[in-house]
Amino acid sequence: MSGFKSDFLRTLSERGFIHQVSDETGLDTLFQKEIVTGYIGFDPTASSLHAGSLIQIMMLHWLQQTGHRPIALMGGGTGMVGDPSFKDEARKLMTEETIAGNIESIKRCFSQYLTFGDGLRDAVMVNNADWLRGLNYLEFLRDVGQHFSVNRMLSFDSVKLRLDREQSLSFLEFNYMILQAYDFVELHKRYGVTFQMGGSDQWGNIINGIDLGHRMLDAQFYALTSPLLTTSSGAKMGKSATGAVWLNADLVSPYAFWQYWRNTEDADVERFLKLYTTLPLGEITRLAALGGSEINETKKILATEVTALLHGRNAAEEAAETARKTFEEGALAENLPSVEIPRDTLHAGMGVQALLVQAGLAASNGEARRHIQGGAVRINDEPVKDERAVVSADQLTGEGVIKLSLGRKKHILVRAV
RNA sequence: GGAGGAGUGCCCGAGUGGUUAAAGGGGACGGACUGUAAAUCCGUUGGCUUAGCCUACGUUGGUUCGAAUCCAACCUCCUCCA
């Protein structure tokens, strides 16, 4: 399995990125012989990608690092259709404006991982709306549709799931895989792409693209998929206490992002170091060998390294320092997330429930009340027992803030402005 | 177009006239234990101006003292037939 000779495949294999490869020896040879242009598609379904997409971004990163050329394909066109693969229900259709806005917002984080430009090995970001939007239905059916067998399409697991569950699959969604296959062909024409990567749930879609390449262009395409990642206890990657772990800093702060990785399960530490950091394998082995509570030091390195890749070294170290002060010294860390409350309001006194809601620690007064009753809320580290307690300006500490905590891990600084 | 079946809270899923804000499970959150881990155990899990009130079982009406439960129409999905 890991007898790969090319840098790229060897690296991916050693670091645990590979789930399936379409033609191992053929692809390995290709990577040794020439600069390969490969791509991964991203759905602009939200204004940011989340931690679940990080593995794909890392694959593009390694592709470039080992001397090849990555393309990040934004599914601006396919996003208008919606990928039905393994989904229970039809995805809500998005408007063009939403999609365009999302793409714009997603773009930013890629530049942290890839070097864009016009050079041979420079990364490119493209939008499949560029060629999908202008398609002529009849021509498309004749040129592309004739190569697809519905019988075969129905046999793909991604589709079968929906049918077996007796859930409807609209013709619109059914076409998604055809469009995605067509992307592969189009990218080959435009950029000489011969290689596509993706999550293992994309295997069927990608294979369709390879077949279409054969039939339309008599070209040889290759595919590689990454394993579907879950934590050791089975949770999906990218979900956390507060919801999805977004990559954009305006949705999830560098500190929160750092915390997410800091709380990695023991059993996942080595795997995550390999997948999400660029630390050398030897060092990872050494770090992962630490047992018992010493592994906490390794988790901090994991958190800092992953955060540094995304948000920069400074932001990562700042997050690490904030966490250190808060959790190891029990001190008030200046850089904790904060919420601003008008000075007048605070002087007049504000109910804890309302404050919890304002701070985003509770979704409603009712939830806030339950948290108080459950003994989870503290102000300046003093437990709050009375659900009607009032917080006022005289509780501001010397630093001019009030530390509001929910549970042992969530701390918010209340600032008077 | 015809015949039959289904639509419940974040998700799955019970419930066929009243003590049902709706069993059970999952997930999530909080607590205990720990190492800011896992596992385990306990608690919480519609909203509000909370001894009360409001909203909620696809939608809209109806029957009834009283409906998630009965009736009608509509919407959506599934299966078979055309």
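The backbone N, Cα and C atoms fix where each Cβ goes, glycine too.
Those TrEMBL annotations? Automatic predictions, nothing curated.
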Which is it, of A:11-15, A:81-85, A:236-240, A:311-315, that TrEMBL names as motif ''KMSKS' region'?
-> A:236-240
Stretch carrying motif ''HIGH' region' according to TrEMBL (options A:24-33, A:44-53, A:64-73, A:224-233) | A:44-53
Stretch-averaged pLDDT - the motif ''HIGH' region' (A:44-53) = 84
Return the residue, from the listed binding-site residues A:Tyr39, A:Tyr176, with the maximum count of other C-beta atoms within 10 angstroms of its C-beta.
-> A:Tyr39
